[in-house]
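Have a look at the structure below before the remarks.
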Amino acid sequence: MTLLILLGLLNGVAVSLSRTLNGRLASARGAMTASLANHLLGFVLLGALLILKGAPWGNLAGLDPWLLLGGVLGALFVAISSWAIGRVGALVCALLIVAGQLAGGVLLDALAGRLEGSDLLGTLLVLAGAGLQRWQAGKPHP
């Protein structure tokens, strides 16, 4: 379990670094170019790993088309994040992303009938923290 927690934390750091680098690329070349570079390089890397591993590519035929929307949403996420991070900074961008993920998770769990009171309370605390950070960011510092 400790390894999973460590991997989760490292993944979070990687996401922040990735968003920051894509934000700088977006500032230099535009958000769509940054998103294209991100996905093209990711495709090449994952394709090479699949080939080296000898893993099957799988068959997408016969799948419900909505199952592929994750790729569309992922591409939009990268483009929007690349555009936004240069305007609001890495911390606020990360807080807004996490807040959106939590709100989406609450909605999906509520629709599935799995929402617990403690889940809602935890989500509200994180959202309050994001709001507090944003409120503090607007104040002048001595």
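Quick reminder: no glycine exception, Cβ is built from N, Cα and C everywhere.
Predicted, not measured: the structure shown is a model, and the values here were computed from it.
The transmembrane segment annotation in TrEMBL covers 34-52, 64-83, 89-108.
Same-chain residues lying 6+ beyond the ends of the transmembrane segment (34-52) with a Cβ under 8 Å from its Cβ atoms: 18, 22-23, 25-26, 74-75, 78-79, 82. Here the transmembrane segment (89-108) has Cβ contacts under 8 Å with residues 15-16, 19-20, 23, 81, 115, 119-120, 123, 126-127, 129-130, 133-134, 137 of the same chain, all six or more residues outside its ends.
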